[in-house]
Amino acid sequence: MDKLNIGGKQLESRLFIGTGKYGSNEILPKVIESSKSQVITVALRRVDLNSREENILNYIKDDCVLLPNTSGARNAEEAVRLARLSKAAGCGNWIKIEAISDNKYLLPDNYETIKATEILAKEGFYVFPYMNPDLMDAKRFVAAGAAAVMPLGAPIGTNKGLKTEEMIKILIEEIKEVPIIVDAGIGKPSDACKAMEMGADAVLLNTAIATAENPILMGEAFKNAVEAGRKAYLAGFGTEAKFANASSPLIGFLR
């Protein structure tokens, strides 16, 4: 499968996974292995930046790319502060911006996220903004220096699938400068496959794997789904027909 060039790196896997909601941290390395994910996102509020003891980072392989996120930030100022703390603590220059002041639906504030993106991109961060799928805002993220655009498929943690499918299709069609990563709401491997068939460059998910009865097996299922969806997109779909059309012609068969 073709590689994903993003944030100054070349990746084999187009499946990004999160680290929350697992029954224990011990299962995380096994999920990373089964999913073959290379990009692992971690909420900075779950990371003890002053200690390596019983730290979530201890369970993430050294060859994985760490994508810290600013979960808990309510505005641009708080997101920027968390990003700078992350970089100072040695967590790298990749940052996923989450700026959410809505505590009920946890929908991202595009305005505050764009402000944070512009500030951090100028400071040398590769910024991955979590956003509501709006075309004009997506263009503003690109202009602000985002390394990718990350539209939500459904409210975070709901496992409801691609409820914003038509909006995401518009972003895929119109935003060519940076990768499109579908983030949040993906509940089943078929959702991930569909996102990749649509032309998304990658998907990021957490709850669907972490809350599965068998997270290790589910990680593998998502790996296969993402690969299948990407290959189907690259292969190009056959044309749809209004009427039935036999695969083998019947003319002359019964002479």
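Including glycine, each Cβ sits where the backbone N, Cα and C put it.
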Same-site residue for 1-deoxy-D-xylulose 5-phosphate (record: Swiss-Prot; known: ALA184, GLY185, ASN206, THR207; options: GLY157, GLY219, GLY229, GLY236): GLY157
Three-class DSSP secondary structure - GLY157 (1-deoxy-D-xylulose 5-phosphate binding site): coil
GLY185 (1-deoxy-D-xylulose 5-phosphate binding site) to LYS96 (active site, schiff-base intermediate with DXP) - Cα separation in whole Å: 16
Additional residues around 1-deoxy-D-xylulose 5-phosphate, ordered along the sequence, whose Cβ is within 8 Å of the centroid of GLY157, ALA184, GLY185, ASN206, THR207: GLY18, ALA154, PRO155, ILE156, THR158, ASN159, ILE186, GLY187, LEU205, ALA208
